[in-house]
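Here is what TrEMBL records for this protein:
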type	residues	note
ACT_SITE	Ser73	active site, phosphoserine intermediate
BINDING	Ser73, Asp291, Asp293, Asp295	Mg(2+) binding site
BINDING	Glu393, Ala394, Asn395, Arg523, Pro524, Ser525, Gly526, Thr527, Arg532	substrate binding site
DOMAIN	62-95	domain 'Alpha-D-phosphohexomutase alpha/beta/alpha'
DOMAIN	188-298	domain 'Phosphoacetylglucosamine mutase AMG1'
DOMAIN	314-462	domain 'Phosphoacetylglucosamine mutase AMG1'
DOMAIN	480-552	domain 'Alpha-D-phosphohexomutase C-terminal'
Amino acid sequence: PAMADPGGSQRTALLAAASLFPVPDGATFSYGTAGFRADGSTMAPAVCRAGIVAALRSVKLGGAAVGLVITASHNPVGDNGVKIVDADGGMMSQAWEPFSDALANAPTPDALLQLVLQFAKDEGITLGGAHSAQVLLARDTRPTGEYLLDVATKGISAIVGSVALDMGILTTPQLHWMVRNKNRGLKASEADYFTQITESFRHLLELTPDDKGIDELNEKLIVDGANGIGGLKLEQIKPNLARLDILVRNSGKEGEGILNERCGADFVQKEKVLPLGFGPNDVGVRCASFDGDADRLVYFHVTSPSKTSVDLVDGDKILSLFVLFIREQLDIINGKDNKGLLPTRFGVVQTAYANGASTEFLKNLGLEVVFTSTGVKYLHKKALEYDIGVYFEANGHGTVLFNDDFVSRLESLTARLSEAAGSPQKQAALRLLATSQLINQAVGDAISGMLLVEAVLQHKRWSFQNWCDLYTDLPSKQLKVKVKDRTAIVTTDAERKVCQPSGLQELIDKEVVNYSHGRCFVRPSGTEDVVRVYAEASTVEAAESLAKSVARHVERILG
């Protein structure tokens, strides 16, 4: 029934929600790659307004489920944040970020109301309750999470006709997976997620060539859970994982340790030292590290009993392992000339921060490697252009995307291939299908990524050392240069070249030619008034020297 007072109760609801959580003086929120993040105690206004945005997004998309997760990922435990998951299970559409910023910073309830009404008009969104909208909610283990989840619910209900569904305490990738599945009419509960990844993992292991026995040491894996949600979830599914002996440390159990404090993927990858709880007894054992909300994964080795430094396997090397495995299956199906049964556009997507040695390794395999600007949303979007697109950032966030149409072709091919004598082609096709089920199709996922790594290592009968030896990372150095105005730097070619201010790129080029394997780029930070300098060369000293000389040019030109 049409409302007698179109928008009357809607106006009231918005004004009421806005008055509950006024924006404190001087606070500004900005929706970045990570959504809104700040000290947990100051997050309520932004979280309430993100609830409004999520509900509007669902209305705009005809009632499709949208997600909202309360997390600050690898940040310290006192911080919290909020991220919106779009209907496809990916990041919220960038086109909506300016509105989210404006809404989060609207100074008064009336200003907020006007913004929503204007935006709804611009976007052709009908307000007033005749529609239905649904937002799936989740949070990580932070102490402020429960309160902020309640705040988000109040924001969602400020859009008349919206329903908030609390999915519980989840890893960020689990919520992304649920939103994607729900909108595809597939099973979308946490139990379904666990079943899908444990079953596809078991299936992959059954498809490993079992001509040799399993080495006991290779079954053992120690996981640093960052005292976050990932460790808790891993404990839950551990009993259902065949041929894998997992020990979880920093699991996030009561009284165990502090979230992300001297542990977690971000800490291990940046500092290249052992996380808390690891030591001399772990020499020679494979170790993995999740970040606080379990969307990043790195592996490492304790090098010697006396050292705290680690042999690190970062996102680039995880990507390389996945690429080798997928490529091997495609070669079995198609023959080396790829003229076979399953023509496949297979692409690898990296950013300028990817280690030059990994890029060279991938190109030497004859793969198509393309670059995008820094940020998962750019990588993901590019990877979607392929039949199989693989992307990873060095920090350990990444995944493998299988195009729907390609999966259908793969399924019908698998059905056609004979079982005769365990046809290698059929086995390879089944491995690819199992991989597409195991690796999270929505977003980078530490748990499913780790299981794929483990399956591939068992398939190849590789030790950690074999994996490390794929290629040797070039030494790199990163510096930050404080500047008055970071927007003075404009880049092109996926941030690998500077086009403004003029003359700077020529200076960088002049420095780079002095170094063997030299590479250097500069880009403005997305969050603070600094310019980031990244340099690579064949030795640590050379990389540092190159970074410093380029940083001096940046300082001189930008002040």
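The backbone N, Cα and C atoms fix where each Cβ goes, glycine too.
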I'd like the Cβ neighbour count for Asn395 (substrate binding site), meaning other Cβ atoms within 10 Å of its Cβ, all protein chains included. 20
Going by DSSP, how much of the domain 'Alpha-D-phosphohexomutase alpha/beta/alpha' (62-95) is helix, how much is strand and how much is coil, in residues? 2 helix, 14 strand, 18 coil
Given the Mg(2+) site Ser73, Asp291, Asp293, Asp295, its other Cβ neighbours within 8 Å of the Cβ centroid, in chain order, are Thr71, His74, Asp140, Thr171, Thr172, Gly228, Gly230, Ala265, Phe290, Gly292, Ala294, Arg296, Ala446
Determine, using Cα-Cα distances only, which of these recorded positions is closest to Asp295 (Mg(2+) binding site): Ser73, Asn395, Pro524, Gly526, Arg532. Ser73
Please give the sequence-distant neighbours of the domain 'Alpha-D-phosphohexomutase alpha/beta/alpha' (62-95): residues at least 6 beyond its ends with Cβ less than 8 Å from one of its Cβ atoms. 31, 33-41, 43, 46-47, 50-51, 53-55, 131-140, 142-145, 148-149, 152, 156, 170, 172, 175-183, 226, 258-261, 264-267, 291-293, 295-296, 376-377, 380, 441-443
Only counting partners 6 or more residues apart, tell me which same-chain residues put their Cβ under 8 Å from the Cβ of Glu393 (substrate binding site). Gly315, Thr351, Tyr353, Ala354, Thr374, Val376, Leu379
Rounded to a whole number, how many Å is the Cα of Asn395 (substrate binding site) away from the Cα of Asp291 (Mg(2+) binding site)? 10
Could you please provide the mean pLDDT value for the domain 'Alpha-D-phosphohexomutase alpha/beta/alpha' (62-95)? 95
Fewest neighbouring Cβ atoms within 10 Å among the binding-site residues Pro524, Gly526 goes to Gly526
